[in-house]
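Undergrad: What TrEMBL shows for this protein is this:
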TRANSMEM  44-63  transmembrane segment
TRANSMEM  100-121  transmembrane segment
TRANSMEM  133-152  transmembrane segment
TRANSMEM  164-184  transmembrane segment
TRANSMEM  205-227  transmembrane segment
TRANSMEM  233-249  transmembrane segment
TRANSMEM  261-278  transmembrane segment
TRANSMEM  284-306  transmembrane segment
TRANSMEM  313-335  transmembrane segment
TRANSMEM  376-397  transmembrane segment
TRANSMEM  404-424  transmembrane segment
Amino acid sequence: MHRHPEVDLKRWIIEHDYERKTKDYIKIKHMQQMKTSKLTIDRFDLFTIIFDILISILGSLVVNRLIPILKEKFIKAQLWGHDLNKRNSTEIKVAESQGVIAAGIFLILMFIMIAIVFSEHLHPESVFPHNKFVEYLAALLSICCMVLLGFADDVLDLRWSVKLLLPLIASLPLLLVYFANYHSTTIILPKPVRPYLGQQWNLGILYYIYMSMVAVFCTNAINILAGVNGLEVGQSIVIAISILIFNLVELQGICWEEHLFSLYFMIPFIACTLPILIKNWYPAEIFVGDTLCYFSGMTFAVVGIIGHFSKTMLLFFIPQIINFLLSIPQLFHFIPCPRHRLPRLNPELNKLNASEVEFKKSDLKKLEYLNNDGELMISTINFTIINTVLCWCGPLHEEKLSRILILIQIVFGTLLTFFIRYYLVKFFYDS
């Protein structure tokens, strides 16, 4: 049965007219949004940044005051340990989990910032930015979850399998908000592969898996690169300052709102963790615990995902990525992995040596083809950047080792990232 040509013509006209009107409507709405939206930061945004700096300074002073008060309470609650890399390690009790103090004050500052950042939208004539408000709350919820889970890890000493699962749970609010507000899963491919794979790919669900893996990696990468006074919090502050500088540079770009959002988080983070670094530096008066590692990692993951610069943010983790790759044989138990892989003290020299692990050849269960002589004893250093530096540089004093590791973070985590981001990138992507 054939349709009358006139019916098909009328239907074509109706559909074509509807499509034209829809495109016109979208174009008009886009022009209206361009007129009403801000193209750069204004005086109110500058006020919020200054206010953020002021309350962050106040928060830093509060953290510095709380540490000597609360560390004795932590010791009484049996949350303490010995600094194994000191000659008199068994004589002094060092308070554990002090990162929870910085995390708690940080969250209080961010709750205060909610009222300030969104105060200009409280009058009746203003259109309240519900999507930005939900992003802010989801980010804080993810960080809150990770701080709680980190403190639980310090108290309960959770297994590694559980530690990998916790960031996945904590990142769910963030992923749901990203799905509701953006739902953009398309990536731009580098120039060299475009002739073969096209200009862009829509990853779909794989993009959400990628973002969840970013949260898992960031929270655990700092925790893996640890064991020396000041290292955990020191590398966190270097990464935070790097992100802060990147945000300030990008405030002049088209994605300035996302980088302003990141600034609101990085300024209080740096201020609240600086007193922890001072107290945790050699010789350490306190230990930061897994709480600070999880708190730092989730904060970086939050700003990287919501701020749409997760790839750049991962570049700031180049030393942590190298350390993770070095650690794969032990993390996946191809080679036995001891509970602690921190360096060992030479009491006579008061310097640190690379730590070693001894095992039988029969312990290489996943490499059974090597097990010709199961009783043969094998000794090797633990596979970490810390032990690698000690192998290359020889025995080092703990403070000097910390300085070298922080310098590695600055050179390969910060300077190299900015070189890639603002110079090499032009060879792979359009400006």
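Glycine is treated like the rest: Cβ placed from N, Cα and C.
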Undergrad: Could you check whether the transmembrane segment (404-424) packs against the transmembrane segment (313-335) - three or more CB pairs closer than 8 Å, residues at least 6 apart in sequence?
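TA: Contact between the transmembrane segment (404-424) and the transmembrane segment (313-335): present.
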Undergrad: Among 133-152, 233-249, 284-306, 376-397, which stretch has the highest count of C-beta pairs below 8 Å with the transmembrane segment (100-121)?
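TA: Maximum Cβ contact count belongs to 133-152.
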Undergrad: Report, as numbers and ranges, every residue of the chain located at least six residues beyond the transmembrane segment (164-184) whose Cβ falls under 8 Å of a Cβ in that stretch; write 'none' if there are none.
TA: 131, 134-135, 138-139, 141-142, 145-146, 149, 153, 158, 208, 211-212, 215-216, 218-220, 294, 297-298, 301-302, 305-306
Undergrad: Per the definition of 3+ C-beta pairs under 8 A with sequence separation of 6 or more, do the transmembrane segment (261-278) and the transmembrane segment (44-63) touch?
TA: yes
Undergrad: Taking the transmembrane segment (233-249) as the reference, which of 44-63, 205-227, 284-306, 376-397 gives the largest number of Cβ pairs under 8 angstroms?
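TA: Between the stretches 44-63, 205-227, 284-306, 376-397, 284-306 has the largest tally.
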Undergrad: Any chance the transmembrane segment (205-227) and the transmembrane segment (44-63) have 3 or more Cβ pairs under 8 A, given the pairs are 6 or more apart in sequence?
TA: no
Undergrad: State the non-local partners of the transmembrane segment (284-306) in its own chain: residues 6+ outside its ends, Cβ under 8 Å from one of its Cβ atoms.
TA: 67, 71, 81, 83, 94-100, 102-103, 106, 135, 139, 142-143, 145-147, 149-151, 153-154, 163, 166-167, 170-171, 174, 177-178, 211, 214-215, 217-223, 226, 229-230, 232-233, 236, 239-240, 243, 258, 261-262, 265-266, 269, 273, 276, 312-314, 316
